[in-house]
């Protein structure tokens, strides 16, 4: 069986700069850049191309002129300022002649007064992105201070990542700007040596790094030139997930001259242990993944973050809980390891989970409160909404619109799908330069053979002021994510708005009898898409996030166990990337990425679990799972019930009221999770009892995986002491028991219940007092009132006299006797 990476829906990336206390300025100077230099300087031939060819950036002419420009930039700075008082970050030579420099405001003023300087613009910040999820979750103010601040958050907790490896040179994993890391005696994982550099992958922050590829090699799938026979990340996914959970705090995320905030992991001081078992093209094999999990547990990780899941059900195992993943993870939990696993990306359809078992925390993906809107204003006054993380065209000015199909160098270019704007060499630069290039969003973008990044590069290389990408027809449910680009650009996703654009363009563009354009009279301007709009309706369950109900076997029979368990941010998450990752055109060679998937949600929970483990080092995996679930929220930031993205009858997207099959217990609330009041604990024997009482599971199969006979029973699987209750087949009346343990001071809890009308619910006793450390049983009675053929949802709320609130979701479907 093969394994796929869960998560990489749409990806966008960018490089990173380390910034000190001074400001960054973008400076342009006198003299032509490469793209427009027509000669005139002794010793340097013209680099501008008259015949609209693509510039050969490797030619001696271009490289020598580029070197000349860079030398002039350096000479200017050296003439004005003392060495060491400034830091030149970039020289720009191709499309503009200038540089980015890190200097004081006073030095900037000196530059402004220098005759050869054309402009000095302070680099400007926009609202944070990944950077944003720690704030959205309340970590800097509500959680990190209790653990000693971000510089202690997750200290000495080791998170193991079974993923695509790590790019160890990324600033998110660097140690030169942090307090020195001491040894972690409990962790005994090894560090492989990079076969190319002969250096190992560890640095104190990264404490272990190994790769597992024997099954992949045996299958003939492993290609060492791109897959790397080392823990090196050949994809980007592994670096991204590690940074979400445990990346350093305050790492500047920059692209195209804009800072998008400072990236941080959930537990910035936690250690990272890498177990590479996933590869770029083929995913991975369960044999390698299981070996990785096995090694991780042996090495002594505290937490396992798994953004992987099976491509298809196993050939022999019928029981979901005893597939090789889940069975191996049962042993991991037995060893005290907390396991966070992505729930899957098969949503919004029911029964699409790939994470099934009660000993695993299965994590659904939420959209947080950032939305990226942009717009195109047409010359006729119409404003067309779209998306696009881009700067605006210069204000108070309109620019001519030119469609790619109308600026072909010759008609034979039609075979290259020129409207995709992927090949600048087939378009006429003279007609594009200074204008807005109109392109069409074809199926090539959906399958990945065309990219928005390439549209931006095409437009830039042709001298366009910006671009518009119009979606003229769309597959139902197609998801459009904003892609950061360096020039003004907007993606018009609404087909009716694209039609408005096309109608305006056609009526404003006179043609001769052959269809050739006589004059381009349509014009417009692109808005500023850099600033996110913050929505109070967040969080919402993402469309792609896998949904319940959970299944107990691969005949898809409903389980008496709620999944997913919890909801965490998983849409448009910015974090570290590996520049080796080349399998998706929008993020080739970049240092950061903004991607979506339950892959991104899982490490959020892994990192938050590290914070809980740091505060409560002796808690079991079930106790940590319990505190995350019982303190989660089912309300959005506006105080309204959580909503879920879903398909409407026309297969457009709509929002519906979410249920526990969408979000489990609710959206994670890290602040509350550090002090839950009560926990619902469980151990290996309890999980064995759950397996032994689940109808249809063969006792021999259980013994094969656990080496234990079924001597332990809990009468019904729904009596497993989890912080959720699910009775998939409720007939008449059933009583469910739970045992709560007080992890705070003595407190009295009043128990109230709420349920949809088809099922009656009652708690006994209605109140109970627990001393510190004490455990008490209580029971919940469910009775069928009416048979509706659908699930009913409800909750148990336990309110403590000291202010603790504990919430347990209840799910049941009633049947006739």
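The backbone N, Cα and C atoms fix where each Cβ goes, glycine too.
Look at TrEMBL and you will find 25-127 tagged as domain 'Inhibitor I9'. If you look up TrEMBL, you'll see 154-639 marked as domain 'Peptidase S8/S53'. Per TrEMBL, active site, charge relay system is recorded for 163, 237, 599. Per TrEMBL, the feature domain 'PA' maps to 399-493. Per TrEMBL, the feature domain 'C5a peptidase/Subtilisin-like protease SBT2-like Fn3-like' maps to 701-811.
When the domain 'C5a peptidase/Subtilisin-like protease SBT2-like Fn3-like' (701-811) is classified with DSSP, helix, strand and coil residues number 9 helix, 62 strand, 40 coil. For the domain 'Inhibitor I9' (25-127), the model's average pLDDT works out to 77.
With DSSP states grouped into helix (H, G, I), strand (E, B) and coil, the domain 'PA' (399-493) comes out at 34 helix, 21 strand, 40 coil. The two recorded residues residue 163 (active site, charge relay system) and residue 237 (active site, charge relay system) have their Cα atoms spaced 7 Å from each other. Straight-line distance linking the Cα atoms of residue 599 (active site, charge relay system) and residue 237 (active site, charge relay system), rounded to a whole number, equals 8 Å.
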